[in-house]
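Copied over from Swiss-Prot:
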- Glu302: active site (ACT_SITE)
- His301, His305, Asp314: Zn(2+) binding site (BINDING)
- Cys189-Cys259: disulfide bond (DISULFID)
- Cys261-Cys281: disulfide bond (DISULFID)
- 1-22: signal peptide (SIGNAL)
- Tyr317: site 'Transition state stabilizer' (SITE)
Amino acid sequence: MFSLSSRFFLYSLCLSAVAVSAAPGLSLSLSGADSVVDVENLNVAATLTNTGDTTLKILNDPSSILSSKFATHTFDISSDNGSPAFTGVKVKYDPNYVVKKNADSSFTVLAPGESVTVNHALGAAYNFTGSGAASYSIEPSSLFYYVDPDTNELASINADTQQHTTKISGTLAVARRSNLGKRISYNGCTSSRQTTLVSAAAAAQTYAQSSYNYLSSHTASTTRYVTWFGPYTSARHSTVLSCFSNMLAYPYANYEYDCTCTESDVYAYVYPSQFGTIYLCGAFWQTTTTGTDSRGGTLIHESSHFTIICGTQDYAYGQSAAKSLASSNPSEAIKNADNYEYFAENNPAQS
């Protein structure tokens, strides 16, 4: 007979074994040609495999390999000569919104041992002119969001990745159209959506002006500033003020708005190096003109990505993550698009 303490020890071991066996795991590998002539032919196949013992419901995040519909910064590419310039899109995407909506098309479900392969055309996202013809290492982003099966809450996991190497020569960049309008214009927008966009542009203009006025008159630490940009320093404050000043220099009534995107989980996207056009997607039309994650706020978010405005990144999505970023890494918070949006929306209001 086992003693009580022995039985408890064995029971604990069993629980530990169950916990270990249920641990999620992913591996990610790339395949493609060993050499490529012209970057328009630079394609890789990314294969994601569930290496754990539990089924994973993974979000089709546009910044992960599970989505190839947007030319996002999904890969780290480097050579002895350096790295190519990223010339693709920055997308406003909220994982919490996607989990709450819970549409089947928003997820990829992988049972243990199951794999999925997604093809990516990298020439649409990277310009190799500066780094030149060379042998390049390509490594995919390892971060994935999934729905925790125990809590139904958003969780994240990093996959074990394998890189791919290829030689690139020939034409090193894909040409892309640029637009810098002098008045508001539309592409593929119904009259109803044009009316909605006039209101959204006006809201964004008000947000930008109010934010600039606030920052100009508050040159010390405030609750609102600290919440979204972290501990106050004059240098970081100057950076944020400059970004809102640049937004005012390019009024939202002068942009081209493109309504041809049909992705329901995405709010909007832009090509940061191609100033002038903001592409609006499904989630944009489902939100409100003002308030949290609003249409006006989305235009603040997207315009901040433009290189000539602020050149922001997408280090964190959503209010909770943006607040955490401000606290833990203010240097990234002042370069994160959602932090500018939430500061401008100021909802709930802070002084």
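Glycine too: its Cβ is placed from the backbone N, Cα and C atoms.
Remember, predicted model here, so these are calculated numbers, not experimental data.
Annotated features taken from Swiss-Prot, shown on the structure.
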residue : record              : DSSP class
Cys189  : disulfide bond      : coil
Cys259  : disulfide bond      : coil
Cys281  : disulfide bond      : coil
His301  : Zn(2+) binding site : helix
Asp314  : Zn(2+) binding site : coil
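Other C-beta atoms found within 10 angstroms of the C-beta of Cys281 (disulfide bond) number 26, with every protein chain shown included.
Here the Cβ of Glu302 (active site) has 29 other Cβ atoms within 10 Å, regardless of which shown protein chain they belong to. For the binding-site residues listed here (His301, His305), the lowest count of other CB atoms within 10 A around the CB belongs to His305. Other Cβ atoms within 10 Å of the Cβ of Asp314 (Zn(2+) binding site), summed over all protein chains shown, number 19. Those same-chain residues not listed among His301, His305, Asp314 yet with C-beta within 8 angstroms of the centroid of the Zn(2+) site C-beta atoms are Lys90, Val91, Lys92, Val270, Glu302, Ser304, Thr312, Gln313, Asn336, Ala337, Asp338, Glu341. The Cβ of Cys189 (disulfide bond) has 18 neighbouring Cβ atoms from other residues within 10 Å, across all protein chains displayed. Comparing His301 (Zn(2+) binding site) with Tyr317 (site 'Transition state stabilizer'), their Cα atoms are 11 Å apart once rounded. If you draw a 10 Å sphere around the CB of Cys259 (disulfide bond), it holds 19 other CB atoms from the protein chains shown.
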